[in-house]
Amino acid sequence: MGNEVRVRYAPSPTGHLHIGNARTALFNYLFARSQGGKFIIRIEDTDKKRNIEGGEQSQLNYLKWLGMDWDESVDIGGEYGPYRQSERNDIYKKYYEELLEKGLAYKCFCTEEELEKEREEQIARGEMPRYSGKHRNLTQEEQERFLAEGRQPSIRFRVPEGKIIAFNDIVKGEISFESDGIGDFVIVKKDGTPTYNFAVAIDDYLMKMTHVLRGEDHISNTPKQIMIFQAFGWDVPVFGHMTLIVNESRKKLSKRDESIIQFIEQYDELGYLPEALFNFIGLLGWSPVGEEELFTREQFIEIFDVNRLSKSPALFDMHKLKWVNNQYVKALDLDQVVELTLPHLQKAGKVGTELSAEEQEWVRKLISLYHEQLSYGAEIVELTDLFFKDEIEYNQEAKAVLEEEQVPEVLSVFAAKLEELEEFTPELIKASIKAVQKETGHKGKKLFMPIRVAVTGQTHGPELPQAIELIGRETAVRRLKSI
């Protein structure tokens, strides 16, 4: 192996880009870029049953959307292609035939029923199920007899007996396995397709990977891949297994867990910003030196240290993601926030797709009211709901405010003031509130809170005069008089 760092993200095209896979890609990307190395994307599509049409392109599109680029892959080619495993079968054939020739692999004619029976018997005896090796030493005659019966063989790797397979994991430290607990494993299925562990080991060697960074659910695959490397006399790459991502109940993220949005495409659809997601995912199981939490892509590349990958599970905190995204939204100018949010108002049917100049101005003012507090684009629909309703509902907290004794006087005087205004502007609305204070003697919360609750249905919200302007004189007066 040369000195240049070469790492890969190797998705299966089985669906959309999951947050956990995005993190794996991101840490490999940051490691490569921070070391001046190469980041490669390889498509692992050997499991044909699970592949989804468009899955590959969707994954690549959303890696780009997040802000990653790569040096070699299916879309741009490279020196060590093809980068799609389904196009590499002739390459794998050469290597498994070499193992067969050297006696390091063998043909296994066991049927699924025989293997299942063996497995059940081992479990009944309290043993860890593994292949017994009963076809390890078949004679040529026995093999021919099985073939004559119409049996198709798989090919198994001959696991050396009594061996310790150890490696120093970047994240976990020293990890070791006993070969006797593994059993001879299949490297080529009966249909001639290489298995995951075999294809990955061959590809990682031929593509000159120096490091393999992936989720800890792959730890059990590592000794098998190491043994394949060793069987060919190849240098073994450095492994690092990242901890799981867990939800707020400290349970492993499951695709069935609906408390967390798990696919990058969904975040895009909800109006999260790619830069914010990049930032948030970059801190899922990795921590910088110091307290700062907001970093650009360039800053991440500059400070990324693979040795600071966390040994503890990474907590996916939805509140934290919203906070991070809000920081990025606040940094946008109003035109950008309108571009982010307007499609969501249109999709929800709140505003039309063709807006007059007057309507555009109203929508811009509305969106600007919520610019500072907006967590993500689609949230604008919920935040601004009160501006699109004829009638509003008052919750218990709001009702309690409206039951205070000064309320009828405050609201009736304020309604009269609004009706008298020649122009309905925030400045004149603010002056009207002050006039109510002067006329009634009520001030502070006793004055502002009933007005806010009566007109908006909420006990807190954006600047009150601006909100009342956008609600409109007629609606505001009607709501004030209905209490």
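Glycine too: its Cβ is placed from the backbone N, Cα and C atoms.
Your range for motif ''KMSKS' region', going by Swiss-Prot and the list 252-256, 287-291, 422-426, 462-466, is 252-256.
Of the given residue ranges 11-21, 77-87, 110-120, Swiss-Prot assigns the label motif ''HIGH' region' to 11-21.
The Cβ of Lys255 (ATP binding site) lies under 8 Å from the Cβ of His18, Gln262, each on the same chain and at least six residues away in sequence. A mean pLDDT of 92 is what the model gives for the motif ''HIGH' region' (11-21). When the motif ''KMSKS' region' (252-256) is classified with DSSP, helix, strand and coil residues number 0 helix, 1 strand, 4 coil.
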